[in-house]
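**Student:** Have a look at this one.
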């Protein structure tokens, strides 16, 4: 395994951050989340030696706080790929029903092409912690790790499948250079938005661009 894959990656959930690592301006709810033993999520930002860029998640989209976690403090790490079996077809919210419906197709795609996929966002957080953060109208956030180029016609075919699910699905293609939305790559746009540790920029080929 390449050394960089041993490091925490964007969307990984990490346990072990203490409240004393929060900055003085951190909101009270962020300290309460950490005191309850809940994880932080790795965010996409330039690395600092020995530190991981993370975000503390509270209730709702308005409760997000950026922070830095010492790498040495990590006690547990859960990657999006470890959460793919958490969907249910009956009796749960729309995002988890959508996950159950989509899982066989993504599993087959990954077996065929040697890829990996995972669950991120609120669905990933809920599956990893048991804390209910999803509602019937929540989105389902996913990632697909694609080290080699994915043809745009294949991206469009996958997007068309996502559009048939019972909730909006936001799938990010994780390339060696960063992340691009499947929805963008499936479009006819000449350039798409690539999100990398150094920031976001428009590129023609998100596989050939080298992240700074």
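Keep in mind that glycine also has a Cβ here, set from the backbone N, Cα and C atoms.
Marked as active site by Swiss-Prot: 139, 141.
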**Student:** Using DSSP with the three-state reduction, classify residue 141 (active site) as helix, strand or coil.
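**Tutor:** The residue in question, residue 141 (active site), is strand (DSSP, three-state).
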**Student:** Ten-angstrom check, please: count other Cβ atoms within 10 Å of the Cβ of residue 139 (active site), all chains counted.
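**Tutor:** Here the count is 16.
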**Student:** So if I measure Cβ to Cβ from residue 141 (active site) and keep only same-chain residues at least 6 apart in sequence, which ones fall under 8 Å?
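**Tutor:** Within the chain, residue 141 (active site) has Cβ neighbours under 8 Å at 119, 120, 121, 122, 123, 124, 169, 170, 171, 172.
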